[in-house]
Amino acid sequence: MTDYKATLNLPDTAFPMKAGLPQREPQILQRWDSIGLYGKLREIGKDRPKFVLHDGPPYANGSIHIGHAVNKILKDMIIRSKTLAGFDAPYVPGWDCHGLPIEHKVEVTHGKNLSSDQTRELCRAYASEQIEGQKAEFIRLGVLGDWANPYKTMNFANEAGEIRALAEMVKGGFVFKGLKPVNWCFDCGSALAEAEVEYQDKKSATIDVAFPVADEAKLAGAFGLAKLAKPAAIVIWTTTPWTIPANQALNVHPEFNYALVDTGERLLVLAEELVESCLARYNLEGSVIATAPGSALELINFRHPFYDRLSPVYLAEYVELGAGTGVVHSAPAYGEDDFVTCKRYGMVNDDILNPVQSNGVYATSLEFFGGQFIWKANPAIVDKLSEVGALLHTETISHSYMHCWRHKTPLIYRATAQWFVGMDKQPAAGDTLRQRALQAIEDTQFVPAWGQARLHSMIANRPDWCISRQRNWGVPIPFFLNKESGDLHPRTVELMEEVAQRVEQEGIEAWFKMDAAELLGDEAAQYDKISDTLDVWFDSGTTHWHVLRGSHPMGHESGPRADLYLEGSDQHRGWFHSSLLTGCAIDNHAPYRELLTHGFTVDENGRKMSKSLGNVIAPQKVNDTLGADIMRLWVSATDYSGEMAVSDQILQRSADAYRRIRNTARFLLSNLSGFNPATDLLPAEDMLALDRWAVDRTLLLQRELELHYGEYRFWNVYSKVHNFCVQELGGFYLDIIKDRQYTTGANSKARRSAQTALYHISEALVRWIAPILAFTADELWEYLPGERNESVMLNTWYEGLTELPADFELGREYWEGVMAVKVAVNKELEVQRAAKAVGGNLQAEVTLFAEDGLAADLAKLSNELRFVLITSTASLAPFAQAPADAVATEVPGLKLKVVKSAFPKCARCWHCREDVGVHPEHPEICGRCVDNISGAGEVRHYA
């Protein structure tokens, strides 16, 4: 038997079938570094339009987790796709370096007896060490960026820039000193930002407390009575017994109705709607003897249960009827609403009672409870209330309560003297900060769109921003306060610039080491140099000023404004929020044109990642077992607008999908063996109809993909590329052209036409996958034929694809119809194979019984129809002649019948043909193969 293998154009490529990503990816990273890929991208991008994605800085503490990986991969996919779309898209990674978590780590390692200078020195060293570790982990994910020159909020230039940003806000009239309740952590010994607050379940004692009336005549008059027949009290309900010693007022809603209830021994004032539930709770019987609106109770005095002072009634619309009594006890030092209401009624700061010290212990001067920690004092307060006959009810409930994100301990609101950015304070010029920010939100694009309403609600309802902290490791608030008046120095903005210049040279240490006389001279004795530091959200929230404008200038025509900020959905109250406020205060616009938020990672059951649950997916492990490209493919395939499910099984499915894409790429490369685009590329008009369709289909898909990349819909990119590889290529086109590729002459038009199409498809595909499969795309790039530069990323979307003319006879709709027929034939072939009626498809002969229109269309392929259907013969017959055993199909006007061919099998092309053995020199092969080996070669027109 003659071996005809040498006469075939068998596929051949060195591109490995097995990816070996964990081993191969580090080699590719090394190559990117050696060729200076990021620098080359900046060079070719010089004259391109700029696209700036400003990096929200991760905190420089600990190894990266899967959430970090998602965030950086999404950013990288955008940077890469924008680069391929013809933009200059730099990416400068950043790190958030100051703040309590690092200070806490240093204290744990080195003890708490460090000097402030030692603390700052050790914090700086610790942050630097953490950055290097995280940097290596981010690079391993394939993230392109200026890793040699990242921005760090602790860089001297950025510390100085932050002081200058604060100076701009002082100059604009947004900054003020005030006494206000802020989130306070006893363990931190400092105020916390809203974004540093977590909510966890906490058990608390609820108490219903009676405050005896002091103005009996006024209370009687409010209820339309001449006098009160017996003792009366108003009842409050609270979950914070520890605040009762600081009670200074009682709040009722002006529009709610309140009832005077006779319970036998005394009269109780309760919200009318809650009388029944309250009496049941107190195990009392009673009757309503009069009602009055809350507004009638205004300024009536009641007595504190155990201190000799009065508590007046103030009207407040935040009072609710959801629980309690409809009366709220007001401790202005420990509640924001309480504080605002008491101030509205004229209470001055010096009159606000604030017995809780920074460590959570009552001042020793507090009667009954001095020196006690507030949480431990709760039972003693309940006992005292019971002792004086004021306690009507107590029980323990579990409720959601604010906790410190670092220490996981309960927080309180506590009034302290702090520096604030005023939301509604009238600035030196223009609208208030709240007005500016709300307008800026309207001018910003949001992905997903619901982010706009979320951020709008937060800004509309947020209090003034407390920007001061009482810590060592932070950018200083370089203010001098007059010792007598407490006012800022009149030259504050000018002095801040002098401080910034020193910080630029020496870092924040310059301020803390500085003597006031160095700047103030003889005036120094009149001023206090403050030691407060800035909230870390002010650090990252001003990077648009000191990074985009300063150390890494990427400004647009309107100043430092990024095209995109991209972070997790928690950043609506974090970085997006603080950046918006500083941007609007300084530049009167948001520092971003568009905001993109992604959800959090959960396991396949929707549970949060937790070591105790054993469901943590570590990106480092994924890199070492599957490869970063698998993780990148999973990110691309997941709709990031909601929770992002990940598990070993989910990643394995991504690995399976990766193999299908890789195998498609390998098939393309292996069939481009011997193809030189410089000499073998055919013009579109010389290509076979099917090949022209394949290139046209690729062009249409590329247009869709460019749109999806532009709208950051990576899951659509993934699904369309995957389907293209599996269905249109693997399930249709590539199957059909195998015969032509392998059996026709090596340099025949039929083969070169297919190779031209494969080349165009490969050039497009390698670019499509480059933003997602960053490593694999560059590996594939090296194996493509023809002269090319060092990386796929140094190019733009492929421009060599051609569109089918509108009048092309075998156009898009035509091939869609053919595909439907092929699906129907394949379905029946599968049935026949399962029944052992035929072996492979090429053992089959198919007869298509078609209506006239369909028959005419299929007839256009002439004798090449069999190559499209991949059967040894394909015959057409009128639909009316279909025998009873013909199979109906889902294609209208088509029935078909498959039988096993009676003809011998060609040893070369494996088709069963009547003319096998006709040629005496080649008794084992068909006439077509003889012609392809020793004759002029077959001529194909369509497929």
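From the backbone N, Cα and C atoms, a Cβ is placed for every residue, glycine too.
Keep in mind the model is a prediction, meaning the values are calculated, not measured.
Pulled from Swiss-Prot, these are the features on record:
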- Glu567: L-isoleucyl-5'-AMP binding site (BINDING)
- Lys611: ATP binding site (BINDING)
- Cys906, Cys909, Cys926, Cys929: Zn(2+) binding site (BINDING)
- 58-68: motif ''HIGH' region' (MOTIF)
- 608-612: motif ''KMSKS' region' (MOTIF)
**Report entry** Spatial separation of Lys611 (ATP binding site) from Cys926 (Zn(2+) binding site) - C-alpha basis, Å
**Finding:** 66
Report task. To the nearest whole angstrom, state the Cα distance for the pair Cys906 (Zn(2+) binding site) and the residue listed as 'ATP binding site'. Result -> 62
Query raised in the report: In terms of Cα spacing, which of the binding-site residues Glu567, Cys909, Cys929 are within 10 angstroms of Lys611 (ATP binding site)?
Result: none
Query raised in the report: Applying the rule Cβ within 8 Å of the centroid of the Cβ atoms of Cys906, Cys909, Cys926, Cys929, what extra residues of the same chain belong around the Zn(2+) site?
Result: Thr743, Ala907, Arg908, Trp910, His911, Arg913, Val916, Ile925, Gly927, Arg928, Val930
Query raised in the report: Cα distance, Cys909 (Zn(2+) binding site) to Glu567 (L-isoleucyl-5'-AMP binding site), nearest Å?
Result: 56
Report summary line: What DSSP gives for Cys909 (Zn(2+) binding site), in three states, is coil
Query raised in the report: Which has the fewest other Cβ atoms within 10 Å: Cys906, Cys909, Cys926, Cys929, the binding-site residues listed?
Result: Cys909
Query raised in the report: For Cys929 (Zn(2+) binding site), what is the secondary structure by DSSP, using just helix, strand and coil?
Result: helix
Report task. Take the motif ''KMSKS' region' (608-612) and average the pLDDT across it for me. Result -> 83
Query raised in the report: With every protein chain in view, how many other Cβ atoms are within 10 Å of the Cβ of Lys611 (ATP binding site)?
Result: 7
Query raised in the report: When a 10 Å sphere is centred on the Cβ of Glu567 (L-isoleucyl-5'-AMP binding site), how many other Cβ atoms does it contain?
Result: 21
Report task. Run through the motif ''HIGH' region' (58-68) and tell me, per DSSP, how many residues are helix, strand and coil. Result -> 3 helix, 1 strand, 7 coil
